[in-house]
Protein chains: 2
Amino acid sequence: MGLVVQKYGGSSVADAEGIKRVAKRIVEAKKNGHQVVVVVSAMGDTTDELIDLAEQVSPMPAGREFDMLLTAGERISMALLAMAIKNLGHEAQSFTGSQAGVITDSVHNKARIIDVTPGRIRTALDEGNIAIVAGFQGVSQDKKDITTLGRGGSDTTAVALAAALDAEVCEIYTDVDGVFTADPRVVKKAKKIDWISFEDMLELAASGSKVLLHRCVEYARRYNIPIHVRSSFSGLQGTWVSNEPKQGDKKVEQAIISGVAHDTSEAKITVVGVPDKPGEAAAIFRTIADAQVNIDMVVQNVSAAATGLTDISFTLPKTEGRKAIDALERNRSGIGFDSLRYDDQIGKISLVGAGMKTNPGVTASFFEALSDAGVNIELISTSEIRISVVTRADDVPEAVRAVHTAFGLDSDSDEAVVYGGTGR
Amino acid sequence: MGLVVQKYGGSSVADAEGIKRVAKRIVEAKKNGHQVVVVVSAMGDTTDELIDLAEQVSPMPAGREFDMLLTAGERISMALLAMAIKNLGHEAQSFTGSQAGVITDSVHNKARIIDVTPGRIRTALDEGNIAIVAGFQGVSQDKKDITTLGRGGSDTTAVALAAALDAEVCEIYTDVDGVFTADPRVVKKAKKIDWISFEDMLELAASGSKVLLHRCVEYARRYNIPIHVRSSFSGLQGTWVSNEPKQGDKKVEQAIISGVAHDTSEAKITVVGVPDKPGEAAAIFRTIADAQVNIDMVVQNVSAAATGLTDISFTLPKTEGRKAIDALERNRSGIGFDSLRYDDQIGKISLVGAGMKTNPGVTASFFEALSDAGVNIELISTSEIRISVVTRADDVPEAVRAVHTAFGLDSDSDEAVVYGGTGR
């Protein structure tokens with residue numbers, strides 16, 4: 001029996017009862033002979049309440065102080081969880097990100113982990129303790145300031161600790177049963193995936209699946225740490241994310257298609273009337289990059305020969321729309337374009353699966369399914385193991401269901417599954 | 001202009017408005033040319049809410065985890081305060097007790113400061129920042145665990161930092177105007193004291209005055225740090241506590257009597273029928289000490305010659321009553337006594353003033369005032385600069401007023417003053 005890292009999100013420890021329930025589950029793992037490291041998020045709405053307080057005292061809270069504030073949330077949940085475990089007769093010690101050796105860069109509010117030195121965690125484990133670690137936080141290497149890892153940061157903390165401690169598995173406990181072939185709120189017949197490769201999971205995460213965030217999966221792939229996503233409310237097996245199915249687990253094999261993801265959080269900007277000459281696209285995307293805006297899909301129309309002008313469209317998070325428009329307008333003369341069109345009523349549907357590399361009919365079937373459902377396609381983008389299209393936002397639910405059915409992903413039962421986020 | 005340490009209690013930063021008000025006051029001090037270090041307590045009821053959560057998950061929260069939990073409170077208030085200051089256009093950085101170099105022993109929940117190494121605070125000040133420090137907390141020297149300093153700990157943090165940084169003054173901001181000649185809730189004519197010596201303040205604190213705690217004054221005396229107790233709600237001068245009045249301040253001189261303190265938080269235990277022979281008192285108080293109970297006054301009755309038995313009475317905090325009674329009962333055969341009497345309806349009235357050393361009539365006037373007020377005295381104890389008596393709890397308000405008037409302490413005006421605690 002080796003070392004297990006377990007991560008519990010805010011919804012799992014939302015109140016005293018939740019904390020006691022989680023404590024029992026942790027003690028079970030310990031009783032089964034594992035060394036147990038637990039990463040915990042802030043309780044329920046704590047983070048939102050702290051953000052609200054910050055906004056009351058300052059319209060633009062400074063990064064360093066904002067991080068100091070937010071990390072109070074995990075401090076509370078981890079101490080309570082350690083108390084609850086000790087109350088069950090087992091030894092537990094809680095550690096802040098800094099105490100756990102989570103070393104980051106100095107980019108407040110979205111720091112990146114650059115090293116993990118879990119000496120104190122190792123000592124605590126060797127002394128028979130269960131180690132409870134605050135998720136989402138670290139300490140900066142240069143200034144020794146408290147940092148936070150941004151959205152989904154607790155999952156990344158868990159995977160990083162699992163890597164540093166050479167854990168058998170990183171268990172991500174959440175309020176759903178695992179990763180599904182589609183969002184069960186949209187597709188009632190979505191099935192839980194038993195096993196999925198890192199690569200497919202990365203594409204799903206990049207395409208709107210919210211169960212695991214991209215950077216967490218990326219980290220796990222780099223260090224080859226198997227992730228087990230499962231419900232903190234049941235004892236069921238969830239979804240394993242790893243390089244290969246567990247040895248001897250014959251039932252589990254790579255599906256041709258892993259799932260259908262969708263995302264309605266993006267908007268589309270079209271730059272109209274761009275001179276069709278070298279360097280134009282570069283000027284546009286340099287402007288966007290300088291404004292610190294991340295873009296997703298890019299499409300350039302075929303140039304109208306008569307005018308020598310073309311249109312360039314790209315998608316980006318709605319939250320960044322204002323910033324991108326402002327940056328382009330400021331640089332209008334430098335770039336040279338007629339006008340900008342902004343459209344936030346779009347949705348993206350993505351089909352993900354390593355099997356499409358060797359199954360040439362996948363793309364055709366995908367477009368046929370959309371066509372049969374009467375869904376119009378506005379943009380297309382593909383990778384080796386993913387096809388994404390942009391449609392009207394209103395068409396997304398129907399499009400997802402149509403594609404899910406067309407690829408034989410529907411489960412036989414159609415019981416509804418409650419689905420939510422994993423907190424941070 | 002030198003360095004000033006300011007401490008704000010929980011009632012001063014109870015909500016966003018309070019934090020913004022305090023931020024303005026801090027910025028004023030900075031604008032006046034001071035280097036400013038601010039020690040802040042947790043907001044309003046935060047600590048009580050955290051304690052409540054802890055009790056929900058565990059009937060006996062462990063010390064280490066309990067400290068980790070409670071320190072989340074100051075983390076929130078200090079980060080918000082730093083944001084509010086930055087929002088006023090001034091630079092501020094917040095520091096945990098650990099980051100500020102507050103090194104303590106390992107006694108969780110009531111750790112003692114053993115060293116202060118404020119290197120990061122000094123650097124922050126030298127870079128032009130206002131430094132905000134979490135009160136009430138430190139880090140243990142041996143295990144590097146988070147500790148808390150117990151009741152009144154934030155005041156102690158402030159004085160300890162003032163000493164380590166060689167501050168001009170430690171300003172303790174609270175919700176009253178300063179230290180009064182008596183509790184203004186009891187004595188409407190109580191006067192604010194302009195200056196009081198460390199010695200007299202120590203006796204007042206030991207006798208029930210709650211504005212400053214004993215250990216904080218003790219620390220300030222040891223390092224000769226002047227304390228200025230004042231209201232965070234007004235710009236008025238408060239009470240200076242120091243070795244000597246400020247130079248040139250001719251108006252302020254040592255009063256014969258500093259004030260009248262009272263305390264109704266104690267109970268009295270009488271051990272009845274103790275053999276009047278050497279070693280008996282020692283056996284009783286060794287039993288009490290082994291139970292970790294602190295006692296206050298002790299009186300042994302004159303022995304009744306006929307029986308060879310005597311009674312021994314002592315006072316102690318009501319909260320420790322059960323523990324003391326249990327310890328004595330367990331050791332009844334070892335000590336040898338007839339019975340125990342427990343009385344929690346007592347009160348203590350103390351007259352404090354260095355002047356009583358050179359004014360022999362003080363004791364007589366004290367007893368006359370009580371006698372004139374019809375107050376019966378049950379126990380008496382004295383130090384060089386204090387006389388204390390125990391009476392019925394019901395008699396305390398009348399007794400305090402009578403003594404206050406008899407020693408000419410009444411102010412001419414009788415406006416009511418709102419009076420409260422200083423938080424922790």
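Glycine residues also receive a Cβ, built from the backbone N, Cα and C atoms like all the rest.
Database features, via TrEMBL:
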{"type": "BINDING", "residues": "A:LYS7, A:TYR8, A:GLY9, A:GLY10, A:THR174, A:ASP175, A:ARG185, A:LYS210, A:VAL211", "note": "ATP binding site"}
{"type": "BINDING", "residues": "A:THR47, A:GLU74", "note": "substrate binding site"}
{"type": "DOMAIN", "residues": "A:269-345", "note": "domain 'ACT'"}
{"type": "DOMAIN", "residues": "A:351-424", "note": "domain 'ACT'"}
> Compared by Cα position, which of the binding-site residues A:LYS7, A:ARG185, A:VAL211 is the closest one to A:GLU74 (substrate binding site)?
Replying inline: A:LYS7
> Over all shown protein chains, what is the count of other CB atoms within 10 A of the CB belonging to A:THR47 (substrate binding site)?
Replying inline: 21
> Cα distance, A:THR47 (substrate binding site) to A:GLY9 (ATP binding site), nearest Å?
Replying inline: 12
>> Quick check for the class: what is the C-alpha distance, in angstrom and rounded, between A:ARG185 (ATP binding site) and A:THR47 (substrate binding site)?
In response: 25
> When you look at A:LYS7, A:TYR8, A:GLY9, A:GLY10, A:THR174, A:ASP175, A:ARG185, A:LYS210, A:VAL211, which the record names as binding ATP, what is the longest CA to CA distance in angstrom?
Replying inline: 24
>> Please report the Cα separation of A:THR174 (ATP binding site) and A:THR47 (substrate binding site) in Å, rounded to an integer.
In response: 17
> Rounded to an integer, what is the Cα-Cα distance in Å between A:LYS7 (ATP binding site) and A:THR47 (substrate binding site)?
Replying inline: 17
>> What does the DSSP secondary structure composition of the domain 'ACT' (A:351-424) look like, as residue counts for helix, strand and coil?
In response: 29 helix, 14 strand, 31 coil
> To what whole number does the mean pLDDT across the domain 'ACT' (A:269-345) round?
Replying inline: 89
> Within the domain 'ACT' (A:269-345), how many residues are helix, strand or coil going by DSSP?
Replying inline: 28 helix, 25 strand, 24 coil
